[in-house]
Amino acid sequence: MLSHKLPLVLLLGWAAAVSSAPSNSTESSDDVCSNLWSRQECGFLGITKEGCIQRQCCWAPSMAPVPWCFQKKNEDYVCSADVVSRRDCGYLGIGAQECHDRNCCWDPKQNNLNAPYCFLRQHSCKGYGVSSATTTANGVQVQLDLNGGSQGCARFGEDIPRLKVIVDFETKSRVRVRILDRERSRYEIPASALPNPQDTAKVIGKLDYDFKYTENPFTFSVIRRSTGEAVFQTKVPGKDSLVYENEYLEISTALPDDANIYGLGEVVSGFRRDTRGTRQTMWARDAATPVDENVYGSHPFYLEMRNGTAHGVFLRNSNGMDVIISPAKLTYKVIGGIFDFTVFLGPSPADVINQYTELIGRPHMPPAWAMGFHQCRYGYTNIDQVETVVNTYQKEDLPLDGVWIDIDYMDKYKDFTFDELRFPESRVKKLAENLAATNRSMVLIVDPGIPVEPGYGPYDSGMAQDVFIKNKAGKPFEGRVWPGQTYFPDFFDSNGTWSWWEQHLRETRDKIGPNVFPWIDMNEPSNFCNGECTSGQQTQGQPQTPSKQEAIVNSKYSINNAGRQAPLSEKTVSEDAVLKNGLSMYDTHNLYGHMEARATHQALTNLLPNTRPFILSRSTFPGTGSSAAHWTGDNWSEWNHLYFSIPGILSFGLFGIPFTGSDICGFIGNTTEELCLRWHQLGALYPFARNHNTLGANPQEAYLWPTTVLPAARQALRIRYSLLPYYYTLFDRASRVGTPLWQPLFFQYSNDPLTLKIDHQFLLGDSVMVSPALYKGQIQVKAYFPGNGRWFNLWTHECIIEHDSHGGHTSDDRSHRYKFLSAKADGEPIPMSIAGGHIIPIQAPQNTVADTRAQPVSLVIALDESGNARGEVYVDDGRSLVNSDSARVNFEMLGGEKLVSSVSMNQDAKAAAAGQSFQSRVGHSSEIEKITILGLNFARAGGESGAKTVFKASTHSWKSKVSECHEERTRTGVHRDCGQRVLVDQATNKVGSFLTLNVNGKDVAVGGKGRTGKDDVLGYAWAVDETLGSLTLTGLKMDLFTEWFVQWKLD
């Protein structure tokens, strides 16, 4: 036993962060199955040894008239009231009487976890006790021994008797806790799959957390120091403290009632996970987006909000698992590997994602063209159709940057080939050249399955270079996908297979052109067979429901694959397939698509050094965002899938893959005119925006509805392209600190509890809120405006809601923060609102990203209640991995009367010396053409709270002494507190005439008082809208890449 004095020793090192709590407990006798005449029945007549072991019982055949299957000594076998712990004892359709005859428990009450009605009696597990503990340079190590003797718990096999816990205080806000077999190595995620945590481990200053544990049974907690609250606590009433078996690991953490949990995927569901009962299975699966089931990717990460602060938990494990959320707890049930937890202390949601992506790899910075709009479909019958689509986009004045071709282009669906009748290589090359001439790109699908066809180049070279996954017999594993019988590349071989993959990607680039990029699909990996199948076998369908006997003798834990505990090999490579590194697909299945993305990313960077790749991957894992974009898979042309796209994209923002989108108008089925219109309005704002649908469905390009969808899509895409400088800046930030482009409202308004359940609105960056129409026939949106600040219509510039004078975010009555926004399908854009205190850059939209970047920049400035605002724009060449030329421009507005620009630049010294302008080197306009300031009547108070205003009739203006003002920098800007002001009446507080203008210290003649005017010499013009309280300055021709200021006064 660990000495009770150990915490005093730990005080010398990590005392403030680590402590233990002793517990009085004695080990049970190891001889728990030795009784003969006192045996208590644990089975039923005819039970098998396997069925007995499944019940955690003793098995000992005897000639004596005693049960062969009997309970262990000193164990209470009970019917667990906790549905999370239930183990199936029956089969679909079993009744109460037969259940009781099997000596099992019966509870037919419905539950959200689809737990069985007939379930086994179980005894509790005694867990592990601490035998010793030592401090390390950056944490503590704890040795554990199994309680209960050699029989242990035996939930789904033999317990591992001796464990080791390694706790590493990796950073000030990040702690890692690993639980390993003390005597044998177990599977862990290969080093080639994820960055080494030690690369970013660095403790500076005081830790934000404490680590504590109890000795017997061993439990641990991670505690936020600032509040004393345990954010991860494995001592959970009614749950086993720790189960650690060869193919089954279980641990739970306590949650508050009705906890706010987000993440854990991939799944089609609402954004906030249902704490009444959620069973999230993680096993990559090719499935057409069923609701609440496991699909393409696996992400064992969640973010939790508690009392305005955030923390995150990542389980670094690629094995299949169920993560179950139920009232007051979250339980991990994992079928292999180790427990390797990292807890992130935030405290803001953005801080958590920064800390998480620092660990798993930052999101990649996409090439600029990929931020534009993309068109695709499965079912373009020939190259003529694709060319017609491209030409029609141009004819109808629709922006387009990416032209995609699905497997239709291939010769018999074989990778790296072209159907010379329908998609001749020469014609595809010509189209790519035409696209390149207008700075656009082509994307071609590539699947991992390589057809078994001697004489086919990739097959021959793959066999020669030994790149394919093997079966147990050591031969290439054979499955079946689109081209027929296929082998699957072993992307875990980062030498041979990656080189082979690069070779064939190079061939396509050489044939078609450098502006051709890969879309890697079917990489769960998908298989039309359930496991291995040869050419003579029929493609297998869904497995039959197990027989009564089979249903009760499965001694291994079955994750809830496909929502029905489907076999792991269903529609994929068998779990016993073997990789070149000796690992099995049982352990690495969830990593397959991730490793293909990594191999593809390296190949493209080798083919065009220092050029940003573009890759779209269906299957993902933590860290995939550093290599590839993602789409949410085969969604449906249905209204609920329009909604599901929002929580899907928000979740992938948490997962470190912000460059995500959903198929616009839906992939499966026939869209409708209204649905496709609404989907273009929302989808145009997706981080990754693509229209795509399936073979046999009606075409859904926007121009097919010339009087409805076409004008709405044109308007929506112009909105997206006008916001490209804002998007580009957001992508840059994501690549540096992980902040998602799309954010849930609580990211910026974490103290506003109403934001925690909203997933039909979202933030685009920090500044803009989107409130889409998501239902058939909808003409207005009931939108919630979070926080207590001002919000403006981004396009009409009207103030939607004023500042709350009470200043709190947590008032019980928040009804005044709901507003109805008009959202008529006929001509009105998607409702978008800009928060006071923010500045966003825009450009005049053109039909390509490159042409839009060449347009002058304008600024939209929304003032907060103090007349302040901040914003930034980031510019580089849009294509280089490492930029010699870049500029970060910050804008700051103070007091509603002065706008200041500051610039931080990197420049290519050689290019600058050669006389090349920075503007030409980055391919971006350097001109600021227009500035629009909203909310200049910021002095009015009372706002939506109805507070009394003070009206001074003689001046019709507000006054305050500058000396009384205090400035405070916050994330949203510089806020000024000027004490009590003399305020104008809300009804008469209008912006007056334009009085003076000063640019960089030089006064500009404004021609006397007025609401509009122009300086004919300099070209400056101004317009004051007294009703909106706005000022527009045009003709400024300020240099974006130099520092400047503009100051003015209004009457």
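Easy rule for this one: first residue shown is 1, then count along the chain.
Even glycines carry a Cβ here, placed using N, Cα and C.
Keep in mind that what you see is a predicted model, and the values were worked out from it rather than measured.
In TrEMBL this protein carries:
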- 1-20: signal peptide (SIGNAL)
- 31-73: domain 'P-type' (DOMAIN)
- Cys42-Cys57: disulfide bond (DISULFID)
- Cys52-Cys69: disulfide bond (DISULFID)
- 77-122: domain 'P-type' (DOMAIN)
- Cys79-Cys105: disulfide bond (DISULFID)
- Cys89-Cys104: disulfide bond (DISULFID)
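When the disulfide-bonded residues Cys52, Cys57, Cys104 are compared by Cα distance to Cys79 (disulfide bond), the shortest distance belongs to Cys104. Listed disulfide-bonded residues near Cys42 (disulfide bond): Cys52, Cys69, Cys104 (candidates Cys52, Cys69, Cys89, Cys104, Cys105; Cα-Cα distance within 10 Å).
In the structure shown, the C-beta of Cys57 has more C-beta neighbours within 10 angstroms than that of any other entry among the disulfide-bonded residues Cys42, Cys57. Annotated pair Cys57 (disulfide bond) and Cys69 (disulfide bond), C-alpha to C-alpha distance, rounded: 6 Å. When each of the disulfide-bonded residues Cys52, Cys69, Cys79, Cys104, Cys105 is scored by how many other Cβ atoms sit within 10 Å of its Cβ, Cys79 comes out lowest. In terms of DSSP helix, strand and coil, the domain 'P-type' (77-122) has 9 helix, 7 strand, 30 coil. Nearest neighbour of Cys89 (disulfide bond) by Cα distance, taken over the disulfide-bonded residues Cys52, Cys69, Cys105: Cys105. When Cβ atoms from all protein chains are considered, those within 10 Å of Cys89 (disulfide bond) total 24, not counting its own. Between the C-alpha atoms of Cys52 (disulfide bond) and Cys105 (disulfide bond), the distance comes to 15 Å. The CA atom of Cys104 (disulfide bond) is located 14 Å away from the CA atom of Cys69 (disulfide bond). Comparing Cys69 (disulfide bond) with Cys105 (disulfide bond), their Cα atoms are 17 Å apart once rounded. Within the model, the domain 'P-type' (77-122) shows a mean pLDDT value of 87, rounded to a whole number.
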